Ligand SMILES: Nc1ncnc2c1ncn2[C@@H]1O[C@H](COP(=O)(O)OP(=O)(O)OP(=O)(O)O)[C@@H](O)[C@H]1O
């Protein structure tokens, strides 16, 4: 079959690029091994809160080398109390030095805990600097990604991390992560966030959105005054930043990333998610928290127990924001953001991120924002063609044997006959279990992740997949968003989703951070309603659209998947404020119009290439 030959070549190429399962964490470990020894070291109290090197702490960690406390730049709205709210909350007059980097320095100062090194015992930063760039990242792939910004007075993008004053300790961690230059979404969002602006950012999968919201939050907390805890229940904690994400695994992943970025900055990150014992999370919270990463359900539980208060939140970030505001999650998110004690928009800073932003969700989301900037960066697989997308017509009854053929071909073409990491999406939990069983029976080690599995089983499945022990992961949509699993060579949509945005997120589990990947979809009559949006998406991404799919597309009207305004040509979303109906007054979008101020007059849009 001609398709298979070319597919096999693609799979082999993709697999070759993705060889070395687990190498990213390994490289971190290798880089850090010089410091030697994993045993916990006792640090006397007077030496805590200092960089771990034998040398005396560099003056830059407490005094700014790159002082950019420019008025207007990095002047978050909470720094200078401008209303009663700030005075009440008590963080305006805290003990931090005004201006400069006086807020925090070094590791945590939280009693008996010593900060664990998230880079794997890599205490000697210089060792890491020697390693230079993370060469697996292909930045050329981002060369011509289109970027669109809209809103008032959009701060200009930066080209390098050096241009931004994030603080010495954070800069050191960026170098430890081997991030040499910012990705396009980071180039735009970091200056916007540092300027204290609210943001709705739509950027393609795998393009570095996590760092884009973590860096300004960590930097802002480092820079800000040390907060004074309001009088409340003795066991209530008051995080300064809240990062919400829709799944437990994604929250865990964001927590891991944020811990790396905040290492030795004095900023403490804690995660809370369902399915894991709450007592352990409560103990962790009691040890101190600046940034809380959470799933909505567990957070509501903590709020209702009065163990967490949102009264001092300065930064709110919603990752996968469109998912967080769709029908399933919206009531919980509204409760957290609007009905508890969180400061309102305009007092807190709010950042919403996703690879997709349907117009109706933007409308809901705008309730949470004040005078925000909308940013769109590329679309999945857009002009970079990072993800090769294939669609094959496969009847329901033939799906298993077809999958088997693909896996056989992939194994035959893989390095040393090894199976490349393959993520297979199915529609139902039962379907996932049954396909996993069938694959294992047929000699393909597989595991599964879905909502009916215990949290322990879910985490074990992910570990086993990442390590390559079970190189096939059968998943429901619980694994569709955000998960950054290195070396996933192939995503198979065994059952296509009903929504084109879900397809975008699913295939985005491959082709990440400038690497290439392959996505194969099995299509049949049951997916007719997706035909039009799928064909359009593939065409926009310069993919080969089979003639039969074009015929299906011509016949179908695509109902819910035509997503007016969602696709927006090259982008995963387009600022809904640019719709004519919004500009005519937009009263249907805003009950009281309280958030609409600011962009009515000076609103402007700007399209650029990422590297201008
Ligand atoms: N500046 C950078 N230089 C090199 N690598 C980077 C940089 N920024 C992020 N990365 C890496 O790129 C990968 C993808 O980043 P991330 O998971 O944040 O993507 P994302 O945009 O949130 O994707 P998704 O939409 O799927 O959630 C990660 O492995 C991350 O470590």
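Quick reminder: no glycine exception, Cβ is built from N, Cα and C everywhere.
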Tell me which range among 159-187, 188-216, 217-245 TrEMBL lists as motif 'Q motif'.
159-187
Candidate ranges 538-558, 559-579 [criterion: TrEMBL lists as region 'Disordered']
559-579
Restricting to the domain 'Helicase ATP-binding' (190-375), report the mean pLDDT as a whole number.
94
Kindly report the helix/strand/coil residue split of the motif 'Q motif' (159-187) according to DSSP, in that order.
16 helix, 0 strand, 13 coil
